[in-house]
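So that you can see what the record holds, here are the features copied from TrEMBL:
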DOMAIN    189-286  domain 'BEACH-type PH'
DOMAIN    290-575  domain 'BEACH'
REPEAT    713-743  repeat 'WD'
REPEAT    762-803  repeat 'WD'
REPEAT    804-845  repeat 'WD'
REPEAT    885-920  repeat 'WD'
Amino acid sequence: MAFIRKKRREQQLQLYSKERFSLLLLNLEEYYFEQHTANHIQNKGGHHERKIRGSLKICSKSVIFEPDAMSQPIIKIPLRDCIKIGKHEENGSSRHFTKAKSGAISLLFSQVYFIKEHNIVAPYKIERGTMEYVFELDVSGKVEDVVETLLQLHRASCLDKLGDQTAMITAILQSRLARTSFDKNRFQSVSEKLHMECQAEMVTPLVTNPGHVCITDTNLYFQPLNGHPKPVVQITLQDVRRIYKRRHGLMPLGLEVFCTEDDLCSDIYLKFYEPQDRDDLYFYIATYLEHHVAERTAESYTLQWQRGHLSNYQYLLHLNNLADRSCNDLSQYPVFPWIINDYCSAELDLSNPGTFRDLSRPVGALNKERLERLLSRYQEMPEPKFMYGSHYSSPGYVLFYLVRIAPEYMLCLQNGRFDNADRMFNSIAETWKNCLDGATDFKELIPEFYGDDVSFLVNSLKLDLGKRQGGQMVDDVELPPWARSPEDFLQKSKEALESGYVSEHLHEWIDLIFGYKQKGTDAVGAHNVFHPLTYEGGVDLNSIEDPDEKVAMLTQILEFGQTPKQLFVTPHPRRITPKCKSFSQTCGHNAPLVDSPVSPGEESFEDLTEESKTLAWNNITKLQLHERYKIHKEAVTGIAVSGNGSSVFTTSQDSTLKMFSKESKMLQRSISFSNMALSSCLLLPGDATVISSSWDNNVYFYSIAFGRRQDTLMGHDDAVSKICWHDNRLYSASWDSTVKVWSGVPAETTCPKRHRFDMLAELEHDVSVDTISLNAAGTMLVSGTREGTVSIWDLTTATILHQIPCHSGTIRDAAFSPDSRHVLSTGADGCLNVIDVQTGMLISSMTSDEPQRCFIWDGNSVLSGSQSGELLVWDLLGGKLSERIQGHAGAVTCIWMNEQCSSIITGGEDRQIMFWKLQY
């Protein structure tokens, strides 16, 4: 997983530099400035004088000596513990803060740490008492400068206030950066053109490393001020696939660059000193890359996830990434949910809902008795109130899980110590029980629990992590009885995450962590309220003038953990889950459906029908023009086709209804109801009656058998823009800002008598309604208005479910997906918007360079008719335009597809109707 790959990458860098030293040996918020080849002189001037060869590292809060010999420990001397710093005198004495000529440096101090003796990662050994160490530099001419630097850093370390210490060290750092610049000799080519250079810090977990950022026309470079872990980090711009702006230390200063599509582990994470530098670099990379895809929104992934094109695991990775979670920032490490509730059984039953954790509740609310205690305290608490005194994700919790693969990080975070053996990550079941029962333990999981690498569960490094009270040594993590091995545990955890139960309920957890239940009254109602400092915007660091208070506040926030950036402000849509025999991962795209009660013949016919539709849409880009006919004098506005496909009825702005014979290729009838445009038409079941809507405010019924107008419905005060029919009910949309529902007569009647219509409901809008459509069951209606609002109505109660202002101009067309889960709308603004019907959330939006006037779709792909006359094929899940097909000489104004999805007819402003066939 992410952290493990990051760790291995750092190990490779250490192999490159052949160092045991790493920035993790520094304190948090400490900088490594420079190094000097030197000897550590033991017993200087004595009979047993000994020289240990190595490297002396000058850091902002300590001096570190790394011996070349692996058997010797690394020495770390905190500057705040130094009593005297000076140049060693040849007679063996040293003067306090002396500046006399000498080839060696003397440090008199009260405390020293010994680290990685024999290159073994273990808790630091501490020696206390007054001691003097002498270090002899290879270049004696540098001694004076080194001593001067140490004296300056020593003064900073000894300041009483932490804010003053930070300010002085920052000033020293900025001075060093100002005196240096990027070494242009490091360019990959002499022909590279420099576009921008600025100062920044490279961020890795628990560590930041200052240096210079440089971007050319082909590469992004970072040169560390200290040359560690290598002189230059270089990224080829052509390799960049994603870039994200990040919050770092609650400030908009971070930028993360990825050279992969889906990996959570980035190639470089930079923290800038000025937001403008960050924004300028982001803009340059984004505009330079021809293949660069702009930062995708969370909603853009939701449709892919709902339709099964992203797994639960992949979707959570994307949400974490978009919510500023990064494996480079342990205070914002990716967060994953506890899924399984059963760590005691011998077998894991993924078909039993009781096996799973309640995903609608935060961890702190899973235990009813504990929750009651927390709520009682919450009620008595003064403002600002919070329910939980610790967070579900923090650096300490991340390293709690990863100590076996990242022990040096734990030692860095905890001042050279591992945690108490009984508080370590010893057992999955124990950890889950403590999360349920512990007074202050509310942690969730990390992505590694659903990955492929078992390293974090196994003590493969043979670390001495201590002895528990019962006498047993801390070793591998104890697994639940149903896991035969660490590999089996991860496999079953992955199956649980992708199970049907989790797929049906994961949106509830997303609401808590990334969604509308993260903040406000909804968070209170969900018992999901954490300390105010953990939320984005919970504190304005720039408003804090006292430097001590600012540093303390930032430290507290970073160590406590941060709530993810809020991605959704409305309820998250459910996933569309197949009905499978079990909830296990075997219930995938290729899993068999539950046995149907219908006969084998019927089941086979249905399967073949669905297969033919799928095949047709998979080949929709191979659409070819078969025939074309100009039968109207103005733009075609509607198309209806008889059940056997022989007769095609069309309406036009020339005020006529035409009947065209597909077999004889002849115009058979032309009917005019008034001198105003007709806007749409439909055939009633039985193919006996055609209904047309008109701009003269009326709806006309034409009897095919009797060849005459059968009835006229005068139901609106302005033009009727669109009509629909379902189950003997007529739905009419009008520019008078209404959609009306009318009761009709049985559609099969051939009686020439006039229909009697009763208005059953009136769906009121604020402005003109330009289009409507029904779902397959006739229980919902979607309407689109002139001002760009999509409304979804429940027809059983004639009430509005959602109102979404998602277009900047007139909505041209809107329709439900075949499964009624989504609505697609197109507008004069060129946007294609997908809305989740259950929640009303806009979950996908694509933009074309011209309006799309009409469309048909299967829920995944769209065939739209454009203003220019082309037919465009869109891949909604891939977020791209797949094909352009030449068609009409003017805008495509209407489109029809048969039930088998094999035949398509379009009408246009060029007065033509075109017949299309799929060739495959």
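Note that Cβ sites are derived from N, Cα and C of the backbone, with glycine treated the same way.
Predicted automatically and left uncurated, TrEMBL annotations should be read as such.
Fair warning: this is a prediction, and the values are worked out from it, not measured in the lab.
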Beyond the flanks of the repeat 'WD' (713-743) by at least 6 residues, Cβ under 8 Å: 676, 679-682, 684, 691-701, 755, 757-774, 778, 781, 783, 786, 793, 795, 798
Arithmetic mean of per-residue pLDDT over the repeat 'WD' (804-845): 96
Counts by DSSP class (helix H/G/I, strand E/B, coil) across the repeat 'WD' (804-845): 0 helix, 24 strand, 18 coil
Sequence-remote partners of the repeat 'WD' (885-920) [C-beta within less than 8 Å, at least six residues beyond its ends]: 609, 612-613, 615-617, 619-641, 645, 648, 650, 652, 660, 662, 680, 851, 853-856, 858, 863-873
The repeat 'WD' (885-920), counted residue by residue under DSSP: helix, strand, coil: 0 helix, 20 strand, 16 coil
For the domain 'BEACH-type PH' (189-286), residues assigned helix / strand / coil by DSSP: 15 helix, 51 strand, 32 coil
